[in-house]
Amino acid sequence: MGTSIINDEKTTPSTTSPPDSNEVDNLEALGYTAELKRNRSLFTLLFQSLAIAAIPYGEGGPLISAIYGGGQLSIFVGWIVVLVLDECVALSLSELASRYPTSAGPYYWSFQVAKRHKTILSFITGWVWLIGNWTITLSVNFGFASLISATIAIYHPNFVASSWQLTLIFYAICLITFVICTFGNRFLPMVDTICAAWTAVSILIILIALSVSAKEGRHSASYSLGNYDTSFAGWGGFTFFIGLLPAAYTFSAIGMISSMAEEVSNPSVKVPKAMALCVPVGGTAGLFFIIPICVTMPPLADVIGAPSAQAIPYIFHMVMGSPGGGLGLTFLVLGITMFCSISITVAASRCTWAFARDQALPGSKIFSIVNKSLNVPVNALVLVTIVQMLLGLINLGSSSAFTAFVSVGVMALAISYAIPISLSLLWNKRQEVSQARWNCGHVVGTTVNVVALVWITFEVVLFSMPTALPVTEVTMNYASVVLVGFMAIAAIWYGIYARKVYKGPPSSDGFSNDQNTTNIPATSPAPAPASTPKLKPIFTPAPPKPKP
């Protein structure tokens, strides 16, 4: 690779210090002005990506899907399969993030690697990326509300939260997260570090507690890792793939960390490293979480009937044999989910701010403003919160709202990853990413690109399907409808106004693999900075031959 995945961490910039002059020059060479402080390091980026993955919540929140998908075999084998596939996605995105390290992320990458139709391709990518950020954040906060409701049921088994009660809990979570992300920005790198420690300790405690207690008994190794019951979903031989949903959901937001590129020093190396390390680190930790659950799992038919369709509180309660024991373990997962809510909301707000900065959103002038005293794009954060709260109203009319939110988020993020990866591989022939400071090389890079695109294609189909058959109006997966609706709004906006003002992000030749500088072609629409840095071109043309 152009740069090894692991090397020693250098000095971490102060949380209050202004950006280094080299970083400012580099960002200006990519076409933007530095507005955010670079207060994050490689490790805090990695911790934030792990906080977004939130292993116990990411796998545990939609665990019911894996039960429908056959049980232990789908949970265990599905986890390993998805780790391999999603690492291919992570490596593919890492190369692009290294070449073009800005908060704009996938839509900026699509613009740079496309040969033709750059503007419309970046607009489509940007809107799908934005929808994915909004809805995956919504799925975390709504899932958090469902988890709280299921936790109450540990002590009050007859309690079933009504749709409006669940919506109010969800609203409270959105508002609390908004306040923390707005006024606690300077402490968020520390919060991500605390989250990493909390998650590690929680997984260890859950591992020991379930293994020691096991009130529902301990299954044999063959049953714990190989039990496969196809009777719940009605999908026949396809049932196993339904069980992949929780694992795929856990690592679906791996690319969101790219939105933090303008808040870390040396982003062309640290951002791709954080992306590439998240899946193996999180995946290994996840095995210590799912194996004890598989070994001590109560009867699958009972788990499917868990309150609020949240399996984790029910499993903990049954396996521990007491409400207190179940509550204690569930509290650990609730803490992890709170950290996840904060981290993913921050990333979504940066994505929104970056897209508005390039005039792609209605009200771009408003949502591209950064509050100088708080060092936060507050207006973008407000928009993220309002969109979540409005979409949360879907819950009042459908009991499968959580499934829809999860599915839309995963599908939209996956599509936004696929567009720049496919453009880079098929259209650009990997010419740009091969020059990135952090790259996989031709053979490995091409392989992971192909695997990533095949997996994403299948993933989009998988998440558009209902979990179980037969399908009713209430249990239908409306993810495709929501996604198409969003894209219709984007198309109308583009036709009415955006096509007149959105010209794509600034052009740039990106970060090269032999220097920490960038190039700007003469045709770049980006405004020139006041003092243009001296930049060494990646390719130096030969001098003209003298005339005879």
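Keep in mind that glycine also has a Cβ here, set from the backbone N, Cα and C atoms.
Features reported for this protein in TrEMBL:
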| type | residues | note |
| --- | --- | --- |
| COMPBIAS | 12-21 | compositional bias 'Low complexity' |
| COMPBIAS | 509-520 | compositional bias 'Polar residues' |
| REGION | 1-24 | region 'Disordered' |
| REGION | 507-548 | region 'Disordered' |
| TRANSMEM | 42-58 | transmembrane segment |
| TRANSMEM | 64-85 | transmembrane segment |
| TRANSMEM | 126-156 | transmembrane segment |
| TRANSMEM | 168-188 | transmembrane segment |
| TRANSMEM | 195-212 | transmembrane segment |
| TRANSMEM | 232-254 | transmembrane segment |
| TRANSMEM | 274-293 | transmembrane segment |
| TRANSMEM | 327-353 | transmembrane segment |
| TRANSMEM | 374-396 | transmembrane segment |
| TRANSMEM | 402-427 | transmembrane segment |
| TRANSMEM | 439-458 | transmembrane segment |
| TRANSMEM | 478-497 | transmembrane segment |
Ask   = Would the transmembrane segment (274-293) and the transmembrane segment (64-85) count as touching if the test is at least 3 Cβ pairs under 8 Å, pairs 6 or more apart?
value = yes
Inquiry  = Counting CB pairs under 8 Å, which listed stretch among 42-58, 168-188, 195-212, 439-458 touches the transmembrane segment (64-85) the most?
reply    = 439-458
Task = May I ask you to check whether the transmembrane segment (195-212) and the transmembrane segment (439-458) make contact, with contact taken as at least three Cβ pairs under 8 Å and only pairs 6 or more apart in sequence counted?
result = no
Request  = Using Cβ atoms only, state whether the transmembrane segment (42-58) and the transmembrane segment (232-254) have three or more pairs under 8 Å that are 6 or more apart in sequence.
outcome  = yes
Key: Folded-back contacts onto the transmembrane segment (402-427), same chain, C-beta under 8 angstroms, at least six residues removed   = 62, 65, 89, 92-93, 95-96, 106-107, 109-110, 113-115, 121, 124-125, 128-129, 131-133, 135-139, 142-143, 146, 245, 248-249, 252-253, 255-256, 309, 391, 394-395, 433, 446, 449-450, 452-453, 456-457, 459-460, 463-464, 467, 477-480, 482-483, 486
Note = Taking the transmembrane segment (478-497) as reference, the highest number of CB pairs under 8 angstroms among 126-156, 168-188, 374-396 goes to 126-156
